[in-house]
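Annotated features in TrEMBL:
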type	residues	note
DOMAIN	15-42	domain 'Ribosomal protein L9'
């Protein structure tokens, strides 16, 4: 059986906030709804979503320009992150997306939602690494990260 839901937040590999999706009952009941990532679909909720989508379309042009500006900034700058590491350069833990988002903001860059940053493979050693940031549906920016051991 499947359930119709309205996403309240962006969900990777499923959709963006405001989209109506059909998912299996267990996924909806055990994951999406308890975490408040989605709400059940109703006709009244659909009308509200349509109004929000219209407002979002009006803002989309400005956000695309902002996303392209942010992509240019991220492509031109290398973000330095300090993390505790052992003698061989291996980190105690990993550099998280929240740490990367804070580092970009501290470096004078645009405010980035940590959920939009994708780090594959995880950053677990010092040195230069790369990640990507989905700033807009059409704009993906590269993010160069230099991890330095804390002394």
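All residue numbers here begin at 1 and follow the chain in the order shown.
Cβ atoms are placed via backbone N, Cα and C, with glycine included.
It should be emphasised that the depicted structure is a prediction, and the values quoted were computed from it without experimental measurement.
In the predicted structure, the domain 'Ribosomal protein L9' (15-42) carries a mean pLDDT of 94. For the domain 'Ribosomal protein L9' (15-42), the list of distant contacts is 1-9, 49, 52-53, 56, 137: same-chain residues at least six beyond its ends, Cβ to Cβ under 8 Å. Taking H, G and I as helix, E and B as strand and the rest as coil, DSSP gives the domain 'Ribosomal protein L9' (15-42) the counts 8 helix, 9 strand, 11 coil.
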